[in-house]
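J.: From Swiss-Prot, for reference:
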type     : residues                                                            : note
BINDING  : 10, 387                                                             : Mg(2+) binding site
BINDING  : 17, 210, 211, 212, 213, 214, 285, 286, 287, 333, 334, 335, 336, 337 : ATP binding site
BINDING  : 91                                                                  : substrate binding site
ACT_SITE : 150                                                                 : active site, proton donor/acceptor
SITE     : 182                                                                 : site 'Transition state stabilizer'
SITE     : 243                                                                 : site 'Transition state stabilizer'
């Protein structure tokens with residue numbers, strides 16, 4: 001066990017993902033999830049030394065109770081883990097324009113996260129609770145907490161990518177612009193793709209597709225992000241599990257004026273009742289859509305719209321590659337496992353030289369990386385993401 005152990009925290013509004021990772025070699029000593037916060041069935045599950053365990057946190061439990069449990073129950077089983085922690089890394093969904101890289105957390109950073117909360121109202125307030133609880137639970141690491149921003153990697157976008165064609169004052173005075181998300185994942189797979197393609201990162205032109213319950217595509221030119229599909233918030237872009245992605249903005253006025261829906265109802269519909277869930281009217285789970293594609297109309301409908309949108313984004317981002325596209329990369333829960341999504345999407349892009357090898361595509365699932373294109377055609381590659389490792393490495397580097 002090295003002396004570079006980092007506790008990685010990802011606090012959501014109703015859950016907390018946690019892990020202890022060796023920032024040098026990536027070994028994971030503890031991983032877990034506390035979920036169903038504020039509900040009677042609040043629970044925590046974890047894996048340590050290869051064994052999986054689970055416990056109830058008590059009705060209504062939330063971040064504070066979860067961190068208490070991690071410190072006083074889980075880590076009490078293995079005190080040497082606590083003793084060797086050198087830093088705590090926090091995933092922060094939105095850093096606005098202020099943060100272009102990870103930073104050690106102090107009062108000004110806490111204020112910066114608060115200032116960006118209007119762009120991520122479900123996430124940033126939860127991150128702040130996580131930071132406050134971590135400072136309480138690990139007083140010996142009070143100056144070793146690091147914020148790693150999902151938006152940071154996208155801060156290299158040029159103005160023509162991040163500006164909306166709205167009154168310019170909305171950007172200058174209120175920060176209304178494209179920020180993107182999943183930046184830590186897009187950054188990680190960019191580094192890994194450079195190794196697999198045997199190219200220096202700064203010469204790499206790729207399109208990265210992080211596809212999970214949320215999804216985004218990024219255009220990476222010379223190793224830097226030049227455009228991404230998520231916008232001011234994570235609602236723009238691709239079809240997602242429950243999010244609509246791109247729509248005609250006037251649909252909102254139509255729903256309000258014609259159907260009498262309130263702003264809150266429309267917001268809920270676009271974020272929680274749309275996407276794959278809206279199209280199937282059954283589930284947000286891509287596995288259902290893939291498994292039933294050939295037999296159920298709802299699954300086929302959802303898959304076709306999903307892949308159509310994804311292919312359009314990949315195709316449009318080739319225009320930003322300065323005439324050279326080295327590869328398309330798939331990552332995230334769907335990107336890594338849904339072979340059908342990859343095959344159908346790239347099947348629409350034959351004009352760009354993509355041809356999927358069926359066997360290679362099926363082999364690159366369940367944590368396995370690999371090229372999925374036919375020999376001699378444009379590279380397409382699957383790379384399992386590892387956001388926790390990036391967070392651990394940044395936390396370790398900044399607190400060394």
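Any Cβ shown, glycine's included, is placed from N, Cα and C.
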J.: What is the interatomic distance between the Cα atoms of residue 10 (Mg(2+) binding site) and residue 211 (ATP binding site), given in whole Å?
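T.: Computed Cα spacing between residue 10 (Mg(2+) binding site) and residue 211 (ATP binding site) is 18 Å.
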J.: If you measure from the CA of residue 91 (substrate binding site) out to 10 Å, which recorded positions from the list 150, 285, 287, 334, 387 are inside that radius?
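T.: Final answer, ordered: 150, 387.
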J.: Which has the fewest other Cβ atoms within 10 Å: 17, 91, 182, 243, 287, the recorded positions listed?
T.: 287
J.: Quick one: among the binding-site residues 10, 213, which has the most Cβ atoms sitting within 10 Å of its own Cβ?
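T.: Answer by Cβ density within 10 Å: 10.
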J.: Please tell me which one of the recorded positions listed here (150, 213, 287) sits closest to residue 387 (Mg(2+) binding site), measuring Cα to Cα?
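T.: It is 150, whose Cα lies nearest.
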J.: Quick one: what's DSSP say for residue 334 (ATP binding site), helix, strand or coil?
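T.: Going by the DSSP assignment, residue 334 (ATP binding site) falls within a helical segment, counted as helix.
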J.: Please identify which of 285, 387 has the densest Cβ environment, defined as other Cβ atoms within 10 Å, among these binding-site residues.
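T.: The residue with the most neighbouring Cβ atoms within 10 Å is 387.
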J.: Neighbour count first, Cβ atoms within 10 Å, every protein chain included; then name which of 150, 336 tops the list of recorded positions.
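T.: The largest 10 Å Cβ neighbour count belongs to 150.
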J.: If one measures from the C-alpha of residue 243 (site 'Transition state stabilizer') to the C-alpha of residue 287 (ATP binding site), what distance in angstrom results, rounded to a whole number?
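T.: Residue 243 (site 'Transition state stabilizer') and residue 287 (ATP binding site) have their Cα atoms 17 Å apart.
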J.: How far is it from residue 150 (active site, proton donor/acceptor) to residue 17 (ATP binding site), counting Cα to Cα, in Å?
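T.: Residue 150 (active site, proton donor/acceptor) to residue 17 (ATP binding site), Cα-Cα distance: 16 Å.
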J.: Can you grab the distance from residue 336 (ATP binding site) over to residue 182 (site 'Transition state stabilizer')? Cα atoms, rounded to a whole Å.
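T.: Cα-Cα distance, residue 336 (ATP binding site) to residue 182 (site 'Transition state stabilizer'): 15 Å.
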J.: Can you give me the same-chain residues 6 or more apart in sequence from residue 334 (ATP binding site) with a CB-CB distance under 8 Å?
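T.: 211, 212, 215, 286, 341 - these are the non-local Cβ neighbours of residue 334 (ATP binding site), listed in sequence order.
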J.: Pop the Cα-Cα gap between residue 182 (site 'Transition state stabilizer') and residue 287 (ATP binding site) into the table, whole Å please.
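T.: Approximately 21 Å lies between the Cα of residue 287 (ATP binding site) and that of residue 182 (site 'Transition state stabilizer').
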J.: Using the residues the record lists for ATP (17, 210, 211, 212, 213, 214, 285, 286, 287, 333, 334, 335, 336, 337), what whole-number Å value is the largest Cα to Cα distance?
T.: 23
